[in-house]
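Undergrad: So TrEMBL lists these for the protein:
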type     : residues : note
COMPBIAS : 49-62    : compositional bias 'Basic residues'
COMPBIAS : 68-81    : compositional bias 'Acidic residues'
COMPBIAS : 273-283  : compositional bias 'Basic residues'
COMPBIAS : 295-310  : compositional bias 'Basic and acidic residues'
COMPBIAS : 460-484  : compositional bias 'Acidic residues'
COMPBIAS : 499-512  : compositional bias 'Acidic residues'
COMPBIAS : 520-541  : compositional bias 'Acidic residues'
COMPBIAS : 564-576  : compositional bias 'Basic and acidic residues'
REGION   : 46-115   : region 'Disordered'
REGION   : 261-312  : region 'Disordered'
REGION   : 451-576  : region 'Disordered'
REPEAT   : 196-222  : repeat 'WD'
Amino acid sequence: MDIPLSSDALDLSFHPGADTNILATGLISGKIQLVNYDPLVEYTAQQAQRRKPRPAKKKLRRSVSASSDEEGEGDDDDDGGDGASAGAGSRSSKKATRAGLQDVKSSQRVGDDGDAAADAMMDEDEEPKPKLYRKLWNTRPSTKSCRGLTFDTDGSGILSISKDKGIFLLDTATGKQKQAWIGAHDAAPSRVLPIDEHLFATGDDDGVVRLWDTRRPTKSSSSLSSSLSTSAAVRSYEHHFDWITDLLWCPYLEPPKQEKQDAAKLAAQETKRAKKMRKKRRKQLEAGLDDDEIEAKQAARDEAERETGRSRLVCTSGDGSLSVVDIRMGGSKAAEVSEDQEDELLSIAPVKGGSKLVVGTQLGMLSLWAPSRGLLDHVDRIPGHPASVDAVVPLDFDTVLTGSSDGLVRVVQILPHKLLGIIADHGGLPVERMKRKDRWVASLGHGNECKITDVGPLLEADDGSDGSDDDDDDDDEEDDDEEPLGLQGLKQVGSGTESESDDEDEDDEDEERQGGSVQEDSDDDDDDEEDDSDDSDDDQDERPQGKLKNKAQWHVTPSSGNEKTQKDRADFFADL
């Protein structure tokens, strides 16, 4: 389904609520348009209900099949029990049944008058396709283009960034402006991402990443000129020198594996931590706390430390590098920057439960990153896209959707890497942005429409393929149990002449037991086979003798340098 827009769109966002079907789009004209797609959800449910098989059709099939069986039995009686003709009659009856059902369906489609075009017009008049969306409101917080937007974590507000370097917070229900940060960046912001209910991050065209807090007081934009700045950012990071292409918030990023030389350092830290724990426990016992209360508090503290201690902000940039930012810290030590990939990194999405990150590039490669290796360099590359990959969103545990500059939205499987198909086409226009919520995928091209695609059948097919996957795994295990063709197989292949000669001898003995003319014929064949076998034996005998002769000439006595005798040669090779 395509939702028409008043101008080209640059970004979009789904409402985070599970039961709220709202989509926001930011337009190049500066407007923000909010639509409700509840009619689309209801229409899809109705169509799915209609696709279910009807009992009347099942009865029709049964009656037709029963009549065909009776006709087949009549044919059997007339033919006197001829099985071949009965089978042919049953097959022809089945074909006739299929043809009859097709004729019934086609007649229902065409109608009594036989005019398909008129029937199509009647169907359109009877069941007109309803409008599958409702526009809620339009607003223009800035006269410049809206370069990005997103709902906050609870969906009560919409954060938008504009080309005039401002950030705006709008009320989702009314579209009115709640807060504004005028002149938030020195360059035009390019991306915005919510972190929690109060914090959000932005990135601009100069590669600067800033962290903002909505609890800080801001002045109304109506009482401020555009040259003045409102409240300052909480943090600012300047480790990139080109535009920020995408932001990803990871509540828990897998820590890199520790190297062996850090074992002593880790042991010292663990000892120091144990001493602190003993001191805390002593104080808690003196305060009169029970052991259960102490353990419960410590477990809650450890869990909170584990969850918040590894939360990271991952950034991709046009300078060809990826960075991991710890927002609890400031300065240069808070960010870890990867090596230069010699290509623009345009989009990022997590797969495999966050253990892997997929990054789209300008040259069409999908680069795979592993947080357990420190995110200093990619671990694998996936070719296959003919143009740049501008948008990547996860579909399930090991599958992503990619939006490319050729206008196609593809389904790509990760580990093992495989292109599964295409689900949407923007007519050759580049896919600018793409988001997914449940079974709905919304994508934007360089046009004045937003395309919504239903990927529910893909997810349902993936859920229903568990049994087949298990069968495939069993087949793979059976194949693995088979012994590979190694040295043993090569030996069997090399000794094929001997086994064939043994089989021939056994055949000769069987023919001799039979006797008669057959034996005479077999004798001639045996003579020919014996001649052939003699020739082959002679050839086989000549080859090893030549090898033995060469090897015997090569082995000389170290003292005199003369060749060994024939007996010494035989003893030597017998020992071998």
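Even glycines carry a Cβ here, placed using N, Cα and C.
Any TrEMBL annotation is an automated prediction that lacks curation.
What's the neighbourhood like for each of these?
TA: Secondary structure of the repeat 'WD' (196-222) per DSSP, as helix, strand and coil residue counts: 2 helix, 11 strand, 14 coil.
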Undergrad: Quick one: mean pLDDT on the repeat 'WD' (196-222)?
TA: 86
Undergrad: How does the compositional bias 'Basic residues' (273-283) divide up by DSSP, counting helix, then strand, then coil residues?
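TA: Taking the compositional bias 'Basic residues' (273-283) as a whole: 11 helix, 0 strand, 0 coil.
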